[in-house]
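Swiss-Prot lists 45, 46, 47, 48, 49, 50, 51, 52, 158, 187, 209 with the feature ATP binding site, giving sequence analysis as the kind of evidence. Residues or ranges marked as Mg(2+) binding site in Swiss-Prot: 51, 163. The annotation deamido-NAD(+) binding site is assigned in Swiss-Prot to 138, 171, 178, 258, 259.
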């Protein structure tokens, strides 16, 4: 088995999918996990990007089905901007599409800035822009877990195969969640599901960005990665990609393994 095949298997990627079937499977997963845990529903941060839009709509469909079947479940969507978000219109469009039971908004700027200032005062150095970006991601997850803890809700994560293979998420930030309904999907497959669900094309054709950096607001994921999503998707779907691209992907996969595992102990062997 080639490394490419090993990665596809490890990340549960299918080269070809039926969007209708995948939507059904992922809604059922959300419902089944909710029933098993006894939780009262879900909470998810909504950025206006493809991934949170898809996960949010799946979550709302799942809790609606639970209620229709006589159960009790709710979904809370959370806007978590840092000051003014450049693409706020897209976030509002996503919320209109998702139709969450409840939507709330937290501006994380005061919390992030207070921490950054305290760090500088205590350690006599400023956080790098990159590390401050990770603080933003982690504060967003702290907020979601606070809501989830108060309301008895599970926190949904938006990680999918194209992010997982590169480790393109913040450890214990957007990478910290209770369940991941988009696991196994490539970026283009996620677009296919949103299209099937009837989302406005603006929500799945927009340029993907983590938008965590103050110095480079709205920087494209592809710029930061040095790899396009089409290249990642081709690789993950078992297609041929240029050797240098495959090398980049495989290198990122290997060095980011710790981000896909629980904290290491001396009894684990994945890190050796």
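Even glycines carry a Cβ here, placed using N, Cα and C.
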Nearest recorded site to residue 51 (ATP binding site) by CA-CA distance, among binding-site residues 163, 178, 258, 259: 163
Candidate binding-site residues 47, 49, 158, 163, 209, pick with smallest Cα gap to residue 259 (deamido-NAD(+) binding site): 163
Candidate with the highest Cβ count within 10 Å, taken from the binding-site residues 51, 163: 163
For residue 178 (deamido-NAD(+) binding site), the one of 45, 47, 158, 163, 209 that lies nearest, given that the binding-site residues are compared by Cα: 158
Of the binding-site residues listed as 138, 163, 171, 258, the one whose CA lies nearest the CA of residue 209 (ATP binding site): 163
Reduced DSSP assignment, residue 47 (ATP binding site): coil
Listed binding-site residues (138, 171, 258, 259), ranked by Cβ neighbours within 10 Å, top entry: 138
Fewest other C-beta atoms within 10 angstroms, as judged across 47, 158, 209, which are the binding-site residues: 209
For residue 171 (deamido-NAD(+) binding site), the one of 45, 49, 158 that lies nearest, given that the binding-site residues are compared by Cα: 158
